[in-house]
Amino acid sequence: MKLRRGALRAALALVLLPLLTPAGAVEPISVGLAIAGAAASALTGFISYPRLYCYFRECCLQRHEPRAAAALQQNLDKKLFGQHLVSKVVVKAVRGFLNNTNAKKPLALSLHGWTGTGKNFVSKIVAESIYKRGLQSKYVHQFVATLHFPHAHSINLYKDQLQSWIRGNVSVCPRSLFIFDEMDKMHAGLIDSIKPFLDYYELLDGVSYRQAIFIFLSNAGAEKITEVALDFWRNGRTREDIQLTDIQNALSVSVFNNKNSGFWHSTLIDRNLIDYFIPFLPLEYKHVKMCVRVEIESRGYAVDEEIVSRIAEEMTYFPREERIYSDKGCKTVDAKLDYYYDF
C-alpha cells in the first residue's frame, strides 16, 4: 500500500509541477509523458487494490462481515418496533453465518406474520447491511410469486428458470442474496426445485452454494403466531416474554400443512433445510404510533403527537372485543400521513 500511495503522490506532484514551476523551465512534451506514465502507473496500482476498486465499483460481499453485522444490529434497533424475537434471531443468524468461514450449507430464513408487521422491511435491512445498494444491488435478487410465477400451468418452466437463475448468479457471486416474497401465494411444489441449493453439498456441478443467503416471506402461519401472542396477553404476560421456542415448532408445522402456502408439504421443511422460522408478532397501538413518528421524522417534519394519535386511532384492531392488534400493522401509515400533511 505504501508503494501505491507513493505512486499516487508522485502522479499528483507531476500534475501540479507546471503550476509551481516558472514558464519554460521544463520541456512540455517531457512533462506530458512523465505525467501520463506516472498517472497510469498510479491508477493501475490504485484499481488493482481490491478495497479501493470496490470503493468505485460494487463488488461481491462489499461490506466485510463485522461491519455488515454492526449495520444490521443498528438498523433493526433503530427502525423495527415490537419485534424482539426478529431482532434477536435475525442478527444472531446473519452475524454467525457471515463470520463462519466453513459453513456447511446456505443460510435459509423464513419470515412469517401478518401484513405490515415488517417482513419486507427486515429483508431490505439485511440486504442493505451486506450491500450498499441494498435491494438495488446486482447481487441481491428478489422474486415476487404473483409477478414472477403467476401461472400454475407453467410451473415446470418456472422450476427450470429458477434453478438456472440461482446457479448463474451464485457462480458470479457466492455471497448472493435471494428473497422470495409472497410465499403464501406461490404454487405448491415450485420452491422445492431449489432444494439442492439449500442442502449440505460441498459442490454441485462445480459450484458451491454454501455462502448464499435465502430469505422467504409469507403471511402463512400468522394465525398461529397471533394465537400464541393472545395466550400470553390473556395470561397477563408481556409480548417480550415470548421466546422463539414458544412458537417456532408450531409455526413450521402450521406452514407445512397449509394448503394455501408455497411451503405445503415442502421438502425444504421436511428435510430441515430452513434454519429459522421467524415469527413477526402482530403490532399493538403503541407500535403503530412509533411507526408514525419515524415516518414523520424521515420526511423532515416535527412530530405532532396529536396527529400521531389520530392516525393510530384510525387503524382497525383485532380481536373485535379486545382490539389489541392492528390488522394492517404499519402498512398504511405512509398513505395516512399524506392526508394530514401537505407534503
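Keep in mind that glycine also has a Cβ here, set from the backbone N, Cα and C atoms.
Copied from TrEMBL, the annotated features are:
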SIGNAL    1-25  signal peptide
BINDING   GLY113, TRP114, THR115, GLY116, THR117, GLY118, LYS119, ASN120  ATP binding site
DOMAIN    283-340  domain 'Torsin-1A C-terminal'
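Recorded features from TrEMBL, shown on the structure.
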residue : record           : Cβ within 10 Å
GLY113  : ATP binding site : 26
TRP114  : ATP binding site : 23
THR115  : ATP binding site : 15
GLY116  : ATP binding site : 22
THR117  : ATP binding site : 31
GLY118  : ATP binding site : 27
LYS119  : ATP binding site : 26
ASN120  : ATP binding site : 17
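Those same-chain residues not listed among GLY113, TRP114, THR115, GLY116, THR117, GLY118, LYS119, ASN120 yet with C-beta within 8 angstroms of the centroid of the ATP site C-beta atoms are PHE121, ASN219, PHE280, GLY329, LYS331.
In the domain 'Torsin-1A C-terminal' (283-340), helix, strand and coil residues by DSSP number 32 helix, 5 strand, 21 coil.
Across the residues of the domain 'Torsin-1A C-terminal' (283-340), the predicted structure has a mean pLDDT of 93.
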